[in-house]
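**Q** These came from TrEMBL, pasted as-is:
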TRANSMEM  53-76  transmembrane segment
TRANSMEM  96-122  transmembrane segment
TRANSMEM  134-156  transmembrane segment
TRANSMEM  162-183  transmembrane segment
TRANSMEM  257-277  transmembrane segment
TRANSMEM  304-329  transmembrane segment
TRANSMEM  350-371  transmembrane segment
TRANSMEM  377-400  transmembrane segment
Amino acid sequence: MCEHHHATRHILCTQCDLLVALPPLQHGHKAACPRCGTTLTTQWDEPRQRPTAYALVALFMLLLSNLFPFVNMKVAGVTSEVTLLEIPGVMFSEDYASLGTIFLLFVQLVPAFCLVTILLLVNRVRMSLRVKTFLARILFQLKTWGMAEIFLAGVLVSFVKLMAYGDVGIGSSFIPWCLFCLLQLRTMQCVDRHWLWDDISPAPLPAAPLRVGVTGIRQGLRSCPCCTAIVAANEPVCPRCHTRGYVRRRNSLQWTMALLVTSILLYLPANILPIMITDLLGDQMPSTILAGVILLWSEGSYPVALVIFIASIMVPTLKMIAIAWLCWDAKGHGRRDSERMHFIYEIVEFVGRWSMIDVFVIAVLSALVRMGGLMNIYPAMGALMFALVVIITMFAAMTFDPRLTWDREPESSHEES
Ligand SMILES: [Zn+2]
Ligand SMILES: [Zn+2]
């Protein structure tokens with residue numbers, strides 16, 4: 001008993017608004033948009049068993065990684081050891097509850113929620129349609145906010161930073177955590193949005209005949225931003241998932257610009273204020289993002305210095321410039337090179353979350369380096385500012401409607417006769 005729903009044969013590309021007829025796909029094959037190259041849908045074999053197996057093992061690994069010590073450090077005979085939950089715990093006890101919450105949410109709660117939701121949905125657990133649509137809506141909105149693997153990268157960077165001071169080691173929870181990161185990524189990858197929504201409830205049938213190779217806006221259609229159903233442009237609420245939507249995201253450019261300006265304003269204090277304070281034998285040394293990079297470089301850890309420089313300084317700066325450029329281009333300026341602008345948009349969407357690395361490094365350092373009178377590390381205001389910059393630029397990229405980039409381009413080359 002494999003597929004008893006009839007899969008939708010057409011899809012409107014969410015990135016460039018082209019109406020594409022899906023070819024019959026073989027197992028493991030993807031359908032990509034002929035205009036912008038975005039993957040529209042992937043046909044997985046065993047679409048239920050595969051994510052179920054991955055998600056179950058991932059959740060078990062998550063449980064294991066919370067039970068035992070995660071990392072430890074030895075300096076001059078003093079040993080410090082932390083579990084995963086102690087890392088946000090330290091932040092809560094030091095008036096950085098906001099950072100602790102961000103940590104708990106992004107690193108543990110969001111991935112765990114997504115895994116449980118996937119288990120419930122792909123296995124068709126008996127729930128009312130309302131609950132199912134509600135869960136699926138949240139699942140696809142939360143997906144980008146799971147940052148387990150970015151935290152893992154942060155842990156590795158902190159190891160390099162700490163090697164100069166003492167012996168760092170991994171605890172019994174570390175390997176389960178690595179497995180959890182891999183498995184949760186794989187689970188998310190195995191669940192196709194288009195397939196899952198068709199499985200929850202069949203897509204509404206469009207009233208007018210569809211014209212393949214023509215954009216939705218030119219035939220009075222829009223793609224539902226949540227469930228990818230093809231809906232009439234003048235229908236404000238999607239009949240399948242009840243998400244509100246419009247032909248183009250409302251006030252997209254205004255929202256993106258407002259969020260961009262906010263993030264630029266926060267970016268200044270994030271770079272000027274110290275992100276952490278190192279207390280070495282009673283000597284308090286505040287350090288900023290740039291100072292951290294310079295220190296790593298002068299110690300000879302060039303690769304790590306580069307990673308932090310790229311993640312914390314280059315990526316946020318370039319991301320802000322890229323978002324501003326996208327808005328400027330979408331307003332009708334520029335060379336009207338949609339393919340190039342689309343490439344920039346995709347990079348911005350992909351790399352944005354990785355800037356969180358430095359925030360996670362500070363989380364690990366301030367939890368692990370508690371050596372009494374010897375050496376202590378505390379988080380500082382700059383870290384919170386920086387976390388906000390990353391979060392707000394992620395929102396800015398989300399509010400930008402990528403279809404605006406393509407709207408000014410003639411599309412005749414894709415039309416089917
Ligand atoms: Zn496309
Ligand atoms: Zn919908």
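Each residue, glycine too, has its Cβ placed from N, Cα and C.
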**Q** If I count Cβ-Cβ pairs under 8 A between the transmembrane segment (162-183) and each of 53-76, 96-122, 350-371, which range comes out on top?
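**A** Out of the listed stretches, 53-76 contacts the transmembrane segment (162-183) most.
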**Q** Could you check if the transmembrane segment (257-277) is in contact with the transmembrane segment (53-76), meaning 3+ Cβ pairs under 8 Å among residue pairs at least 6 apart in sequence?
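**A** By the criterion, they do not touch.
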**Q** Let me spell it out: take the transmembrane segment (377-400), skip the flanking residues so only those 6+ beyond its ends count, and list any with a Cβ under 8 Å from a Cβ in it.
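**A** Beyond its ends, the transmembrane segment (377-400) has Cβ neighbours at 91, 94, 96, 98-99, 102, 144, 249, 252-253, 255-256, 259-260, 262-263, 266-267, 269-279, 286, 288-289, 312, 316, 319-320, 323, 326-327, 330, 345, 348-349, 352-353, 355-356, 358-359, 362-363, 365-366, 369.
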**Q** State the residues, same chain only, that lie 6 or more residues beyond the ends of the transmembrane segment (350-371) and have a CB under 8 A from a CB inside it; answer 'none' if no residue qualifies.
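**A** That would be 71-73, 75, 78, 80, 82, 86-91, 94, 99, 102-103, 106-107, 144, 147, 150-151, 153-155, 157-158, 161-162, 165, 168, 275-276, 278, 289, 292, 307-308, 311-312, 315-316, 319, 377-379, 383, 386-387, 389-390, 393-394, 397.
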